[in-house]
Amino acid sequence: MANLTSVSGFLLVGFSADRKLQILHALLFLMTYLLALTGNLLIITITTLDHRLHSPMYYFLKHLSFLDLCFISVTVPQAIANSLMNNGYISLDQCILQVFFFIALASSEVAILTVMSYDRYVAICQPLQYETIMDPCACRHAVIAAWVAGGLSGLMHAAVNFSIPLCGDKVIHQFFCDVPQMLKLACSYEFINEIAVAAFTTSTAFICLISIVLSYIRIFSAVLRIPSAEGRTKVFSTCLPHLFVVTFFLSAAGFEFLRPPSDSQSAMDLMFSIFYTVIPPTLNPVIYSLRNEAMKAALRKTLSKEEFTQRKMHLKAIFKL
């Protein structure tokens with residue numbers, strides 16, 4: 001990383017140079033961010049307070065919500081501030097941290113989604129062994145492995161990406177430090193190491209995708225053998241939201257990272273970056289809540305006046321002690 005001293009920062013070129021459109025983008029991003037913040041915090045709170053949701057599926061969902069909360073916080077607040085201040089400058093240190101956390105959280109999310117699909121496979125296809133396989137210790141180890149794998153992925157991308165000499169202007173045609181866009185600034189002969197790291201990360205994501213697909217092939221084959229329509233509906237209500245989240249997130253991210261690079265700014269780049277950076281963390285709480293009867297019942301219970309009064313009295317008793 002010898003060339004870092006020669007780089008002072010980058011200019012993020014967002015959606016528009018028009019001041020009114022910049023304010024409009026900031027307001028839309030602010031509304032989306034607050035929605036994502038509220039939804040994911042609500043899921044974390046509900047799955048923590050309601051003892052009926054202390055199962056592996058909701059344990060992984062809580063960590064997914066926390067990942068989504070962190071993931072959208074890496075890029076959107078910075079984009080809002082840049083639009084409001086009409087200043088797209090981002091320092092080198094900020095850009096390094098943004099790349100690290102963005103890649104780390106995205107990789108951890110893919111890993112968590114893979115673990116969640118395996119959890120559904122064991123619950124549906126091997127119900128008698130479910131409590132043995134998905135015991136609390138195994139769940140904790142799976143989550144720790146997902147976080148560690150994501151951190152290592154982010155560290156590799158940040159270290160390699162910012163060790164590449166830059167030959168172009170330090171202008172990134174994105175609202176955040178996006179790795180594919182940053183590679184356009186690199187000398188054409190110098191980014192082979194980043195390509196190797198990206199190939200490794202893509203291969204790992206592809207293995208996760210294959211694992212998810214195989215899990216759901218077995219799940220759906222087992223579901224179709226369930227005689228009662230009510231049983232099939234219950235299974236689909238827990239599996240389809242997860243399948244939709246996986247498909248949406250991986251397809252948008254895969255399209256952005258795997259398509260050939262272009263030298264010109266494209267509205268398609270911004271569109272697909274929103275699809276995998278902003279939309280999934282915002283929609284995930286809505287998807288999991290609307291299709292899950294247990295989540296809806298827990299939400300009604302948590303927001304009920306009686307439950308609120310009981311928890312308030314419980315907190316007062318704790319503080320008196």
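The backbone N, Cα and C atoms fix where each Cβ goes, glycine too.
The feature transmembrane segment is assigned by TrEMBL to 26-46 (among others). Tertiary proximity for the transmembrane segment (26-46) is limited to same-chain residues at least six positions away from its ends with a CB under 8 Å from its CB atoms, namely 53, 61-62, 65-66, 68-69, 72-73, 76-77, 79-80, 83-84, 278, 281-282, 284-286, 288-289, 295, 298-299, 302.
As annotated by TrEMBL, domain 'G-protein coupled receptors family 1 profile' applies to 39-288.
Long-range contacts of the transmembrane segment (58-76) within its own chain (CB-CB distance under 8 A, at least 6 residues past either end) are made by residues 29, 32-33, 36-37, 39-41, 43-44, 47-48, 98, 101-102, 105-106, 108-109, 112-113, 115-116, 119, 139, 142-143, 146, 175-176, 277-278, 280-282, 284-285, 288, 294. Annotation source TrEMBL lists transmembrane segment at 58-76 (among others).
Residues annotated as transmembrane segment in TrEMBL: 96-118 (among others).
Residues annotated as transmembrane segment in TrEMBL: 139-160 (among others). Residues 1, 56, 59-60, 63, 96, 99-109, 111-112, 115, 179, 193-194, 197-198, 200-201, 204 of the same chain lie 6 or more positions beyond the ends of the transmembrane segment (139-160) yet place their CB under 8 Å from a CB of it.
Residues annotated as transmembrane segment in TrEMBL: 195-217 (among others). For the transmembrane segment (195-217), the list of distant contacts is 103, 107, 110-111, 113-114, 117-118, 120-121, 149, 153, 156-157, 160, 179, 239, 243, 246, 250, 254, 257-258: same-chain residues at least six beyond its ends, Cβ to Cβ under 8 Å.
Taken from TrEMBL, the feature transmembrane segment applies to 238-258 (among others).
Within the chain carrying the transmembrane segment (270-290), a Cβ under 8 angstroms from the stretch's Cβ atoms is held by residues 15, 29, 32, 35-36, 39-40, 42-43, 61, 64-65, 68-69, 71-72, 75-76, 102, 106, 174-176, 178, 241-242, 244-245, 248-249, 252-253, 255-256, 296, 299, all 6 or more beyond its ends. Summarising the annotation, TrEMBL assigns transmembrane segment to 270-290 (among others).
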Note = Per the Cβ under 8 Å criterion, with at least 6 residues separating them from its ends, the transmembrane segment (238-258) contacts 57, 106, 109-110, 113, 116-117, 120, 124, 179-180, 198, 202, 205, 209, 212, 216, 219, 223, 269, 272-273, 275-276, 279-280, 283-284, 287-288, 291-292
Task = Averaged across the domain 'G-protein coupled receptors family 1 profile' (39-288), what pLDDT does the model get? Just tell me the whole number, please.
result = 84
